[in-house]
Amino acid sequence: MAEIVLDHVNKSYPDGHTAVRDLNLTIADGEFLILVGPSGCGKTTTLNMIAGLEDISSGELRIAGERVNEKAPKDRDIAMVFQSYALYPHMTVRQNIAFPLTLAKMRKADIAQKVSETAKILDLTNLLDRKPSQLSGGQRQRVAMGRAIVRHPKAFLMDEPLSNLDAKLRVQMRGEIAQLQRRLGTTTVYVTHDQTEAMTLGDRVVVMYGGIAQQIGTPEELYERPANLFVAGFIGSPAMNFFPARLTAIGLTLPFGEVTLAPEVQGVIAAHPKPENVIVGVRPEHIQDAALIDAYQRIRALTFQVKVNLVESLGADKYLYFTTESPAVHSVQLDELAEVEGESALHENQFVARVPAESKVAIGQSVELAFDTARLAVFDADSGANLTIPHRA
């Protein structure tokens, strides 16, 4: 186990492309840290620099307090688990797990003991004499993890290890990986493009885009207090709703009404450089069917009428999709997010509310919705910064 520190780390290529820019990150001993972002954001490059598979252009990487920039991968005492299982097809499960210990010329009795202990942890004991071709996808991934665990390294590096599994198996393996990491207490860096994996697995999450760490925090911090429009739109499913707005002396003007902001929120916004244009973000679960809220909730809610275009029932909840006549919001960060997620401009003015299953709203119906004005976020449309979290000079 070890602390991993990336101190002003940069990665540039001869063609001038910069994959990672000035990354400052301390991964605590025993922490489960997730690197998440769209393709090409720099997350795998970061993992490869920690592993020693990519050279660091500038900055310093320290593992357990020791500078390792110049150390070969084999000398860093870390273990990697890849998207592809990378198992030897001619070897049994036992031989695959034992392989790194065999390379290290460990005594056969010690190898047998460590393989047995690892197989027990991963529930592979009954499969030790099978070949990879006789295993399911989930079992193969557990064998790949076993090969990493058996070495007792300082850290695990995992590069999208669940991508090849079907949806049901991914959920199962997510839980198994989380429990295993807590049990072993080994520092783990995990790369994924799947925000659900990021939010459910990590102690902390690093959202990356354009080679830059957009925000580093707990899953709750990223969801409740996104640093900017990119993080707000990337984290959460369905995504946060964004409405055009204008700041007033006491609050905001939205396409469907006026919002008075609490004095403390006004104070936080005032501490930021004054924006020319603002965008208001509201999570789908904070927009409710007004027929289902009580009198107290109505006091601080803004209500508005919309026509529902689509209703999706998910059992415990329903998603109500609607449009407004207001102009669509535009910002550099939201346009970039739409591009990386392949969203069409046809849906740029579509919004979604998450309501309880007892809502009687039907497709094509006009309905009164309400959102809690205390649960909105205000963003600078130009810089993308969240104006409702304290400004850092």
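Including glycine, each Cβ sits where the backbone N, Cα and C put it.
Computed from a predicted structure; not experimentally measured.
For 4-235, the entry in Swiss-Prot reads domain 'ABC transporter'.
Under the heading ATP binding site, Swiss-Prot lists GLY37, PRO38, SER39, GLY40, CYS41, GLY42, LYS43, THR44. In the three-state DSSP scheme, PRO38 (ATP binding site) falls into the coil class.
Feature annotation from Swiss-Prot assigns motif 'Helical C-loop' to 135-139. Note: the motif 'Helical C-loop' (135-139) comprises 3 helix, 0 strand, 2 coil (DSSP; helix = H, G, I, strand = E, B).
For the binding-site residues given as GLY37, PRO38, GLY42, the lowest number of other CB atoms within 10 Å of the residue's CB is seen at PRO38.
For the binding-site residues GLY40, CYS41, LYS43, THR44, the largest tally of other C-beta atoms within 10 A is found at LYS43. Summary of the ATP site environment: with the site residues GLY37, PRO38, SER39, GLY40, CYS41, GLY42, LYS43, THR44 set aside, the chain residues having Cβ atoms within 8 Å of the Cβ mean position are THR45, HIS193, MET208, TYR209. In the predicted model, the domain 'ABC transporter' (4-235) has a mean pLDDT of 94.
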